[in-house]
Amino acid sequence: MKAATQARIDDSPLAWLDAVQRQRHEAGLRRCLRPRPAVATELDLASNDYLGLSRHPAVIDGGVQALRIWGAGATGSRLVTGDTKLHQQFEAELAEFVGAAAGLLFSSGYTANLGAVVGLSGPGSLLVSDARSHASLVDACRLSRARVVVTPHRDVDAVDAALRSRDEQRAVVVTDSVFSADGSLAPVRELLEVCRRHGALLLVDEAHGLGVRGGGRGLLYELGLAGAPDVVMTTTLSKALGSQGGVVLGPTPVRAHLIDAARPFIFDTGLAPAAVGAARAALRVLQAEPWRPQAVLNHAGELARMCGVAAVPDSAMVSVILGEPESAVAAAAACLDAGVKVGCFRPPTVPAGTSRLRLTARASLNAGELELARRVLTDVLAVARR
């Protein structure tokens, strides 16, 4: 046996992790977990609880009631024992709210994207994905065994070229409606025009659109595209609805097909009833209190002005680009020390040289919280931008 081979055998099979961790630390890309307290001790401008519903009494009560009626867990795949009347009622109610014909719940937004993209593509088909699509869409494309073309960010002409030159009979264009790193909107109307020109399906991830755009119904609804026969919507229950889970919404045949073909649906345990009950209650609060989506956008605009961001936000998110990872990490830490928790995005989540703070607005922010945010952000960014 060669000496180099013997040395590799003698080493721990995980020895390589030490070098990887050193490289991450040197690049300012090391991550760690920070448990949040049960009672917040700082102002939250980092979570995705856009409508402020995760602690709403009605939402908590909805989860508790479902827990008492249906038990703690789904107990199995929805095809075995994990389906309940509650699941199907909420699917129908959410579909009606966003203007879709039908919906199918998954255990997370991530698995909803995996199930939808892989289930609607496969060998012999083409997937066209935006360069800044969410990681769940990226992974879904990789798992699909379809040919994948990644187009430049928000480049409709590149999507058109990919579809025009294809040999595959089936094609699916996938995009976020609201891109998570900077809160920008996808050119959804233009993408659908291109898809229709070439006979392709459009799949739109509304994770950051639901509850904020279109009066809470999402960007597709706002653009008058909800319920289109050649559009599929995915979204999560973990952001605006303050719960957990994911859903695919679209034509009724899509739901029927995914029940038979989506592996994350077939083989995963069904979504816990408490999560469904909480999300259902949150949807009812949103319907009863339609002021919440506009409040999110209004507060996002205030946060942008505090940070000197000229563009009016199109979503709950405000992106403050600082450049290198170390600058963003230091600024986020300084904000936290001063009582304001903000998001910190670094590569590979965002391109190199664009590490940033990401602030997320909530409908429930009050005047005192906004004033605290103004003081802290003004001081921290003055130092970070020197």
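Cβ coordinates are placed from backbone N, Cα and C, and glycine is handled just like the others.
What you see is a predicted model, and the numbers here were worked out from it, not measured in a lab.
So that you can see what the record holds, here are the features copied from Swiss-Prot:
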- Arg31, His134, Thr349: substrate binding site (BINDING)
- Gly109, Tyr110, Ser180, Asp205, Glu206, Ala207, His208, Thr236, Leu237, Ser238, Lys239: pyridoxal 5'-phosphate binding site (BINDING)
- Lys239: N6-(pyridoxal phosphate)lysine (MOD_RES)
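Features per Swiss-Prot, on structure.
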| residue | record | CB count, 10 Å |
| --- | --- | --- |
| Arg31 | substrate binding site | 9 |
| Gly109 | pyridoxal 5'-phosphate binding site | 24 |
| His134 | substrate binding site | 24 |
| Ser180 | pyridoxal 5'-phosphate binding site | 25 |
| Glu206 | pyridoxal 5'-phosphate binding site | 29 |
| His208 | pyridoxal 5'-phosphate binding site | 29 |
| Leu237 | pyridoxal 5'-phosphate binding site | 29 |
| Lys239 | pyridoxal 5'-phosphate binding site | 26 |
| Thr349 | substrate binding site | 18 |
Spatial hits near His134 (substrate binding site) (Cα distance within 10 Å) out of the binding-site residues Ser180, Glu206, His208, Leu237, Lys239 come to Ser180
Cα of Gly109 (pyridoxal 5'-phosphate binding site) to Cα of Arg31 (substrate binding site), in Å and rounded, measures 22
